[in-house]
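Peer 1: According to Swiss-Prot, the feature transmembrane segment maps to 55-75, 102-122, 143-163, 175-195, 218-238, 252-272, 275-295, 296-316, 344-364, 374-394, 400-420, 423-443 (among others), an assignment based on sequence analysis.
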Amino acid sequence: MSRRTISKTMEHPSKTSIIKAAGLVFGDIGTSPIYTLAVLFLFLPPTPENIMGAVSLIFWTLLIMVTVQYTFLAMRLSETGEGGTLVLKGILIPLLKKPKGVAVFTLLATLGISLMIGECVITPAISILSAVEGVRQIPGFELIAQDWLIFLAILIALGLFLFQKRGTEGVSRTFGPVMVIWFLTLFISGAISVAFSPEILLAINPIYAVEFFIHNGLLGFFSLSMIVLCATGAEALFADMGHLGREPIQYAWGFVFIAVFFSYLGQAAYLLRNTDVINPLFEMIFSLSQILYIPFLLLMIIATIIASQAVISGIFSIIYQAITTHLLPMLPVDYTSDELRTQIYINTVNWLLCIAVICVLLIFQYSERLASAYGLAVTGTMSITGSFMIAIFLQRRKYLYMGIALIVTLVDITYFLSTVSKITHGGYLSLVIAAIPFTIVIIYTSGQRALYRSMKPMGHDQFIKKYTRAYKTARHLRGTALFFARSLDQVPAYISRTMFNNEIIYEENVIISLDIKDEPYGFSWHFDKSIEPGLSHLSISYGYMQIIDLMRIIRDAGIEEKTIFYGMEEIVTRNIIWKIFSAIKRLCPSFVQYYRLPSHKVHGVITRVEL
């Protein structure tokens, strides 16, 4: 029995799929107009030259870093229709010939994942807080204390994280239509404002971006760290390609690009007419219609919640990939949808993320301070994605695409260097957060390798020879016993100890091996009953994003077990790194809990290992 699932390619995606992509992918980019120009012009004087130059830079940033890098280059790389950092790693590693290159890009992939996690802590905080601060534009609420706004933002964030366990399958159907209304609102309000100052349309000309740097010098370079806020969330275009499809995302981006850019144009036009504003989006909307401002504010808060939800779902997906590819230890995963393969919930991650977001809100307190800390991890992730693209196109000898990727990556690195200046203004936070999963991955993977070497698994031929002899002479226990191993070629020490040292051999002994494939989705299994008398092998192969029900597969294979054995390690060490590794192993759920094996049938076999 086998099944393989890949995203379908459509020449003309349906309107439903495009609307769904608009809701699930572009929340972060779609809410960036709330704060990008407001923060930039706290940093720069709002002169006509700076306003024209800033809008010009925003246009070319969206065009180069989002349109070219992700919708044009990155999306053509995956042959299976999947996206994300680990997918790029899976594409590149088989193409590399030197082990040193494999090690470097594996480390880069780990760094990229860690930076995305660091970025995703700040995203919900800045999105929700910046929207809530719009309350001050309502007459009578101009002097509301910031503490109350922070409290409201924390309540919204807490409600969002409390809601995760229930799953978002039902409400996610409304995300697309709501975000389409949001984008239409951005476009219409921006277009009306542009009509009063049509000269702002000239900002598309890159000469204004060049003049911006000439006039501002080094200050102009550091301004890129604020300009890049318009492109936050670009990685989601590529990462979400697997379950939404390339074409719906590309078509949706055409609509979103126009809507978002017109909002920037409208805000810039409003700034040309009113240079003393604090937040051009809020004040522009209020000036257009005071009556509609409160509905707009409510819509904006909902849009930021949807954007935050997409980020949280993305984190669950990244962590799940890292678990199945053995980069992170096993964490209990709940499946919140019977239909959508990507709808998962990881309780530990959810509450750690919730605590981190609330701490960020309490530490920074103002959206402009959060903006000053935001962007370093974003540009770092983009630079890593660009490096992978260059290497893949080079290995495939697609030199034209490689050249384009090289130019784009140089732009990414330029933005990254500009955001380094944010480290002293709070940018260190995303690095500190990213350092936590990065350190855990390095320690865990190194520990697993050391553990594997110390455990000294038994080879296939030696195991079969000893098993045949033992099965003939030993007294058989009634029923069927299950054992878990990576493969029959390397049989874990706990199996040989159980069968040969402790002489525990059942009438039927089934060794189950789980093989994680390089492809994201699809699974197959094969049950070989004829290895030796009383010995069978169930091999299960599945993609690193595929969700499997292990006990259901065992039942489908016709196996009715009496006992399930699995290996446990007692690590003895004086090395501080291995002590941390041992603590990680103890704190994380066991193999039994992860795969939801029936606890009353399970027996753990402890092996003492010195590292």
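Yeah, the Cβs are placed from backbone N, Cα and C, and that goes for glycine too.
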Peer 1: Look at every Cβ pair spanning the transmembrane segment (218-238) and the transmembrane segment (143-163), keep those 6 or more apart in sequence, and say whether at least 3 of them are under 8 Å.
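Peer 2: Answer no: the transmembrane segment (218-238) and the transmembrane segment (143-163) share fewer than 3 Cβ pairs below 8 Å.
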Peer 1: Counting Cβ pairs under 8 Å that sit 6 or more residues apart, are there three or more between the transmembrane segment (423-443) and the transmembrane segment (175-195)?
Peer 2: no
Peer 1: Tell me whether the transmembrane segment (344-364) sits in contact with the transmembrane segment (102-122), defined here as at least 3 Cβ pairs under 8 Å among residues 6 or more apart in sequence.
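Peer 2: Checked: the transmembrane segment (344-364) vs the transmembrane segment (102-122), in contact.
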Peer 1: Which of 143-163, 275-295, 400-420 has the most Cβ pairs closer than 8 Å to the transmembrane segment (175-195)?
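Peer 2: That would be 275-295.
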Peer 1: When you scan the chain for residues with a C-beta under 8 Å from the transmembrane segment (252-272), skipping those not six or more beyond its ends, what do you find?
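Peer 2: Contacts of the transmembrane segment (252-272) (Cβ under 8 Å, skipping residues fewer than 6 from its ends): 18-19, 21-22, 25-26, 29-30, 32-33, 36-37, 41, 46, 48, 51-52, 54-55, 58-59, 62, 66-67, 71, 183-184, 186-187, 189-194, 196-197, 199-201, 203, 230, 237, 280-281, 283-284, 287.
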Peer 1: So which of 143-163, 374-394, 400-420 is most in touch with the transmembrane segment (55-75), counting Cβ pairs under 8 Å?
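Peer 2: Out of the listed stretches, 400-420 contacts the transmembrane segment (55-75) most.
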Peer 1: Are there residues at least 6 beyond the ends of the transmembrane segment (275-295) whose Cβ is under 8 Å from a Cβ of it, and what are they?
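Peer 2: Residues packing against the transmembrane segment (275-295) from afar: 33-35, 37-38, 41, 46-47, 133-134, 136-139, 189, 192-193, 263, 266-268.
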Peer 1: So if I exclude everything within five residues of the ends of the transmembrane segment (374-394), which remaining residues of that chain have a CB under 8 angstroms from its CBs? That is, six or more out.
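Peer 2: Same-chain residues near the transmembrane segment (374-394) but 6 or more away: 65, 69, 73-74, 77, 85, 88-89, 91-92, 95-96, 105, 108-109, 111-112, 115-116, 118-119, 122-123, 126, 225-226, 228-229, 231-232, 234-235, 238, 401-402, 405-406, 408-409, 412-413, 415-416, 418-420, 422-423, 427, 430-431, 434.
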